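Reading through the structure tokens given below for one structure.
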Amino acid sequence: MDGAAREAQSGLEWRVTVPEGATVTVEHHDYAARAWAWVVGCCMGARAWTSRVARKVWRIGADEPRKVVHGLKVGLALALVSVFYYTRPLYDGVGGAAMWAIMTVVVVFEYTVGGSVYKCFNRAVATASAGLLALGVHWVAGKTGEFEPYILTGSLFLLAAGATFSRFIPTVKARFDYGVTIFILTYSLVAVSGYRVDELAALAQQRLATIAIGILLCLGVAVVVCPVWAGQELHRLTTRNMERLAKALESCCCCREEEDQLGPIRCVLNSKASEEAQANLARWEPPHGRFGFRHPFAEYAKVGAAMRACACCIDALLATDQQSGLLRDACATVAARAALVLREAKRCVETMTASTRSLEFAVADMNTAVHELQADMRSLATMTSSSSSLLIMDAMPAFTAASLLVEIAGRVEAVVDAVDALATLANFKQQVEDGDELQDDDDDDNKLKAGEAQAEMTTTKVHPLNEPDADREPAQGLTDHQHR
């Protein structure tokens with residue numbers, strides 16, 4: 001018993017003896033230590049999550065500082081408009097409706113100036129028109145006596161239904177969707193609340209005044225303090241997409257497929273919504289910088305559509321097997337010259353200059369390379385028609401890549417045509433090439449030279465594969481292969 005007492009004092013709870021003589025000992029569990037470890041683990045996990053979020057936020061702010069500035073601008077606008085609520089003389093001037101100015105700043109302040117102008121204009125027009133219409137309907141309904149609630153309810157039903165249906169009209173949805181929403185909200189508030197309010201006109205006047213104050217403060221801060229113009233954002237997006245296409249074509253010159261090249265192509269293909277939204281907001285912006293009044297922002301969407309058509313073919317080209325040695329040099333030449341054309345077009349858009357002679361020469365060189373590639377393809381088709389099936393199977397990837405490059409060259413020309421249309425409508429400045437002298441007595445000669453250059457460009461246009469090309473000899477590599 002003394003041994004059992006000593007074991008009990010040492011913390012041993014009970015002992016089990018198995019038949020072989022081995023023993024199993026069970027000790028007390030320290031639940032407090034486990035709970036403390038769980039709490040420490042939760043704290044460490046929360047710390048790691050906070051650190052990840054902080055690094056992500058810092059990276060977003062470092063990559064795009066204007067987003068940080070936008071947050072500060074919103075805070076500044078709200079701080080300025082709150083003065084009307086905290087200052088007694090200003091508060092007495094606008095009455096108890098000062099909170100509407102703060103609400104206006106919150107709902108209409110956008111990242112770009114165009115977005116802010118768009119929402120401010122829609123809110124002002126929709127609030128004024130709906131308020132005046134509600135006052136008129138309320139006055140007419142008041143003259144009918146006991147039929148007043150029926151007239152107000154009927155007018156609310158008809159106007160809400162008609163305004164909601166108008167949001168499905170493409171033009172209204174693109175430009176006035178927010179205004180229609182504010183119209184329905186304002187009319188509903190005024191029409192319903194006016195049934196229990198005696199001085200409805202004074203209340204509507206105070207709300208309109210405070211909303212106007214909020215709109216003016218919002219526009220002032222958006223335009224004066226580090227403005228972000230939707231037109232400039234659309235302009236930069238167009239040039240970035242051209243650079244992405246050029247880099248993707250350059251990767252085709254090296255006959256390799258890279259994951260980092262597929263990402264930019266996907267960005268170009270998915271840029272339609274962003275381009276259309278920025279083009280719509282840019283229409284609302286006042287003239288600024290190099291973007292004058294009625295700048296053709298819609299043409300940027302056409303340039304973007306041409307680039308997306310080109311990006312589809314480049315995406316398909318990157319997914320093809322480009323390891324075949326057949327037509328590799330000719331395909332690389334076409335891809336390199338098409339990339340050069342895109343870079344020249346990008347330079348014209350970036351500097352807002354009309355098509356230069358270097359762009360015309362780049363297009364002519366690309367068309368010449370396409371003619372050479374097409375001649376090589378006809379030579380290869382003639383050779384494989386009398387060869388074994390194994391050579392035909394080896395030539396199929398080369399035909400696929402070459403056909404895609406011919407199509408890409410044609411779509412690159414479509415991008416150049418869209419850029420020319422943009423330059424014409426936007427009145428891009430004419431750039432004087434090095435060594436040129438503009439003299440009045442040489443106008444006829446310049447026109448004659450321009451006509452000859454245009455004729456030369458027309459003769460070197462990309463043509464179909466079945467068009468004869470007797471002047472072009474087969475490629476040296478294919479001829480040697482055929483002799484072998």
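Placed from the backbone N, Cα and C atoms, the Cβ positions cover glycine too.
Annotations in TrEMBL come from automatic prediction, not curation.
Feature annotations, courtesy of TrEMBL:
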| type | residues | note |
| --- | --- | --- |
| TRANSMEM | 70-87 | transmembrane segment |
| TRANSMEM | 93-113 | transmembrane segment |
| TRANSMEM | 120-141 | transmembrane segment |
| TRANSMEM | 147-166 | transmembrane segment |
| TRANSMEM | 178-197 | transmembrane segment |
| TRANSMEM | 209-230 | transmembrane segment |
| REGION | 433-484 | region 'Disordered' |
| COMPBIAS | 433-445 | compositional bias 'Acidic residues' |
| COMPBIAS | 464-474 | compositional bias 'Basic and acidic residues' |
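Distant neighbours of the transmembrane segment (178-197): 118-119, 121-123, 125-127, 129-131, 133-135, 137-138, 148-149, 152, 155-156, 159-160, 163-164, 166-167, 172, 203-204; these residues of the same chain sit at least 6 beyond its ends, with a Cβ under 8 Å from one of its Cβ atoms. Of the candidate ranges 93-113, 120-141, 147-166, 93-113 contributes the most Cβ pairs within a distance under 8 Å of the transmembrane segment (70-87). Panel annotation: around the transmembrane segment (120-141), residues 104, 107-108, 147-149, 151-152, 155, 159, 176, 178-187, 190-191, 194-195, 200-201, 204, 207-208, 211-212, 215, 218-219, 284 of the same chain, lying at least six beyond its termini, place a Cβ under 8 Å from a Cβ of the stretch.
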